[in-house]
Structures are given as structure tokens and as C-alpha cells.
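A.B. asks: Positions annotated as heme binding site by TrEMBL: H42, H68. Per TrEMBL, Zn(2+) binding site is recorded for H238, H243, H261, H264, H265, H319, H323, H340, H343, H344. Annotation source TrEMBL lists domain 'Cytochrome b5 heme-binding' at 7-85. Under the heading transmembrane segment, TrEMBL lists 172-192, 217-237, 274-296, 302-322.
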Amino acid sequence: AMATAGPRSFSAAEVRARCAQGACLVSCRRRLYDLSGFVRLHPGGEQLLRRRAGTDVSAALDGPPHRHSENARRWLEQYYVGDIEPGDEQGFAAQNPAAEAAQLCAWYWDGLWVPQHYNPCLLPQDLVDWQKPLLWQVGYLGEKYDEWVHQPVDRPIRLFHSDFLEFLSKTAWYVVFMVWTPVVLYLSWVSYTSLAQGNTRLFSSFTTEYSIPVHKYYFPFIFLLGMILWSLLEYLIHRFVFHMKPPASNYYLITLHFLLHGQHHKSPFDSSRLVFPPVPASLVIGFFYGVLRLLLPEVLGLSVFVGGLCGYVIYDMMHYYLHYGSPKKGTYLYGLKAYHVKHHFEHQKSGSFGISTRFWDYPFRTLIPEETFQKED
């Protein structure tokens, strides 16, 4: 058998030279990490991470302003490239290295996680084989599935053996915008012109005498109602369907959970899987259209539906941006991005079920608690 090389060691001078060329290398207790590929995705913003290039980040990981979760520290390990040369730790202050080392060993060998940029020979066995499609494997994880799926990794996921099905399951963000925006515009025009004919009345199926005429100028308000209904639906689907805990004994429910949302939690930065592919989306959207047509007079149902569809498009665009965008510090989207990333790394089961708004987290009491920093002894 070939002997595997151990971790590389880097001198402080080499680290400084690489950072001067634009790399983002940081250390944590003598271990060196290359975050160059991750800086744009950093929830606290790219600049914050760039300012820490070439320094020890162990104190920053503990906060304030933000204490990083175990998942965030596990995530960091994916970018491990080697160690700082012994005696060359100026500016790389170590704090209690023994405890840190013990913790890292525990994480490595829990068998639940495999980093991407690591020598595979140095790795523990993951619970799944990443060389094969994951969809048919996850059901066998049983009671280990729930813990495994909520430990995110930075690597692309393949779901299906079939190239065609795999193609249908992946979508670039702009495809959603290109497919559904013309539909929203067309159906808005149809709704408005139908209302303008003045034949639409509320309650006409119960009583012709007291039915209420619906004026064309009501269209923006009905449209807005559709958007509000969508935001509630978005919350309910995310909370009760996407975050159901599948029974450990049920292979099919685990597989369904992974297909619907588990894959996104396992690999939150897989850019081809951040928005809903138009082919399966059209089935779901068609179902909701049918329900609204049954419940409301046709033009009203259509007007509510088109508002909801517009809300859905905004939601999918925002979800992509919360993962890949760099909103300015202090803006609404900056707060929303930090909140959403906390949902991925720390509070997967307790909060942030509304993606494009935090509004529904208030009445349903699923708000992620604000961080507090007690002085630790």
C-alpha cells in the first residue's frame, strides 16, 4: 500500500505571501484553512473575512458578535490545508490547544461528515458513498438520517442515476425568473381586462340580489392578497412539509424528505439546487390554481393566483440571493441572510421557516432567539 502524506506545513512568511496575492488563509490553533472559495458566501460578509486573512480566528469563532455553531466549525474543517510550522505562530495565538484537538478528533471520527478538499485516504468513512447518487442511499440511514442531513457540507450532490432526471432536478436561478415572469404578466393582463368588463360579482352563487360587484381597480389589492397568502403558504410548507422528521423506519419518507428539502440542508451552497425546477413546480402550481378556481369566481381566483405566483417568484429569487448574494451590512436583506444561514447551521428545527419574510415567525412563535453572550469563567 502507498504511504499517504501527512498534512503539509506552512511558514508564516508563505501564508503572508499567499494572502498578499489575494488568497484568504486563516488559522485556528495552528491549523491552516484556505477560505478563498468561501469568502463570497460568508454570512457576515466578504470584507469581514478578508480583514481576518493571515490571522488566527479562534477568538472570533467564539464571538462576540457571533458565536459560531458546531456545524460552522465542522464546515471550516472542509478547507483545512495543513499546519503552521512549529515555532512560527506569531500572530497565530493558540488558546487551549489540547481541548481544541480533542474536540476536532471527536468531530472527525463521528463518521457523519466528509470534507471536500481533503486527502480521502485520511478520512473516516462517511455514511453514504458520494461517488454514487445519494437519493437511493439516504433511506438506509434510518435513525442516523436526521443528524446526518443537518450537518452541512460544501460539495455538489447527485441525486439520480439517470442523466435526464438529474438534469430536470437542477436549475439555474434565472430559469425560474424567465419561465414564470411572462406567465405572471400575461395572467395579470387577463385578470385585469376580465374585471374591466364589469361582470364579476362576489357571492353571486348564493344571492343575486346582494352580490357585490368587483371593480377593475380592486385588482392590485386582490393581487396583494395573493402575495400575502403565498407568504403564509411558504411558511407552512417549509415548516410542516420540508421540516417534517421522517420516521427512522420509513425508507420512502426519508427519501421523499431528502428529495424535497434534505438535500438543500446537506449542501446549502449547491447553486444548481437552490430554486424549484420549473417542471415539478408546474405540477404544484397547477394544483393550487385548481383549488383557487374551485373556491372563487373564476376571475377572482385567477387574480389571487397570479399574486401568489408573483410571491413565489420573488421568494425563489430571494432564497438564491440569501445564499449567494452579498447584501450591504445593516440592510434588510443583510439581516435576512444572517437569519437564514443561522437556520441552516444552527436552528434547523426551531425557526426561520419564512424565507422571504420573518413576519410569520412572530405569530407562530418560531423566531430564532437573539444571541446573548454571557461571560464565561
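Just so you know, glycine gets a Cβ as well, placed from its N, Cα and C.
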A.B. asks: Reported as an integer number of Å, what is the Cα distance between H265 (Zn(2+) binding site) and H42 (heme binding site)?
C.D. replies: 16
A.B. asks: What Cα-Cα separation, expressed in whole Å, is found between H323 (Zn(2+) binding site) and H42 (heme binding site)?
C.D. replies: 9
A.B. asks: Fill in the CA-CA distance, H343 (Zn(2+) binding site) to H68 (heme binding site), as an integer in Å.
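C.D. replies: Rounded to a whole number, the Cα-Cα distance is 13 Å.
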A.B. asks: Take the domain 'Cytochrome b5 heme-binding' (7-85) and count its residues per DSSP category (helix H/G/I, strand E/B, coil), listing them in that order.
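C.D. replies: The domain 'Cytochrome b5 heme-binding' (7-85) comes out at 31 helix, 17 strand, 31 coil.
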A.B. asks: Roughly how many Å separate the Cα of H42 (heme binding site) from that of H238 (Zn(2+) binding site), to the nearest whole number?
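C.D. replies: So the alpha carbons of H42 (heme binding site) and H238 (Zn(2+) binding site) sit roughly 24 Å from each other.
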A.B. asks: Cβ under 8 Å to the transmembrane segment (302-322), counting only same-chain residues 6 or more beyond its ends: which ones?
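C.D. replies: Contacts of the transmembrane segment (302-322) (Cβ under 8 Å, skipping residues fewer than 6 from its ends): 173, 176-177, 180-181, 183-184, 187-188, 190-191, 194-195, 219, 222-231, 233-234, 271, 274-276, 285, 288-289, 292-293, 296, 333, 336-337, 340-341, 355-356.
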A.B. asks: Let's check the environment of H265 (Zn(2+) binding site): how many other CB atoms sit within 10 Å of its CB?
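C.D. replies: Excluding its own Cβ, the number within 10 Å is 19.
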A.B. asks: What's the CA to CA span in angstrom from H238 (Zn(2+) binding site) over to H68 (heme binding site)?
C.D. replies: 24
A.B. asks: Using a Cβ-Cβ cut-off under 8 angstroms and a sequence gap of six or more, which residues of the chain neighbour H68 (heme binding site)?
C.D. replies: L61, D62
A.B. asks: What's the number of neighbouring CB atoms sitting within 10 A of the CB on H343 (Zn(2+) binding site)?
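C.D. replies: Total other Cβ atoms inside 10 Å, all chains included: 21.
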A.B. asks: Let's check the environment of H42 (heme binding site): how many other CB atoms sit within 10 Å of its CB?
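C.D. replies: Excluding its own Cβ, H42 (heme binding site) sees 17 Cβ atoms within 10 Å.
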A.B. asks: Tell me the Cβ contacts of H261 (Zn(2+) binding site) under 8 Å, same chain only and six or more apart in sequence, or just say none.
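C.D. replies: Listed in sequence order: H238, V241, F242, H243.
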A.B. asks: Need one number: mean pLDDT over the domain 'Cytochrome b5 heme-binding' (7-85).
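C.D. replies: Mean per-residue confidence for the domain 'Cytochrome b5 heme-binding' (7-85): 86 out of 100.
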